[in-house]
């Protein structure tokens, strides 16, 4: 049996946490041969609820669950962790301006970034799920100067998976047969899901669908506003699908994608006209525990416009919290 890996989950007593923890403990994220020790972080007022979740985790008798730590202190939560899923974030309350939301999360992710910097394993893989995910990931990265910026990622896998399912429904093909989908930009309604390069059994998805009006007026708005549609229908934000996307993201990053494209929010290297350092969704392939962006894709006029639109939103978010970094 391998030595256990320490995995931190923040917001562990929350809705996404509840959908996530049992799947991590069962081996779905890091493999069925990899024991884990869960480091569970949540607010002081959530510690009792967190104990209840831990009781349930114990009651599953997962062979791979080698231990658990519950805490409200990020310095304890991130000690020696190899994987950190930053799920907890300040939700937007009624009447709250986006600027205030950015500010509140700025404080949270500055503290967590610093704690990761001081206590996590040097090769820690960080995934930010809590919204606004790209900007929160950027804040955490900036607050951890001793860690490689490449260690920090934002979750665009939910947008990616949402886009896959819409394409499968439109073409009548199985979702697993779709390859080479890309999602660009921010995890927000401005994201740009791009199937120009996608194939199903070697055939072009763009040629199969062959409908630019559907792409612009149905597909992109449906994927972009899917989170809002779920809140409208269920009265709660998407939790199980977000947890599923987080599992997919980390599993692929750690275990590899076998040459398949997936989408991750990563610090830009300056390619595709995206300024260096911006936390931006791009297509990647993963192998040997590292992601490599897919290079050399042609960007047409419509794509450029959509990619610049989502970039502008990211730069606006970043400007709103720039004062946190002097």
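Glycine residues also receive a Cβ, built from the backbone N, Cα and C atoms like all the rest.
Among the candidates 92, 122, the residue that Swiss-Prot annotates alongside 98, 131, 162 as binding substrate is 92. On the backbone, the CA of residue 92 (substrate binding site) and the CA of residue 187 (active site, proton acceptor) stand 15 Å apart. Minimal Cβ crowding within 10 Å, among the recorded positions 92, 98, 162, 187, is found at 98.
The two recorded residues, residue 187 (active site, proton acceptor) and residue 17 (NAD(+) binding site), have Cα atoms 19 Å apart.
With respect to Cβ neighbours within 10 Å, the binding-site residues 15, 112, 131 differ, and 15 shows the lowest count. Straight-line distance linking the Cα atoms of residue 130 (NAD(+) binding site) and residue 162 (substrate binding site), rounded to a whole number, equals 18 Å. Across the fold, the C-alpha of residue 131 (substrate binding site) and the C-alpha of residue 17 (NAD(+) binding site) stand 14 Å from each other.
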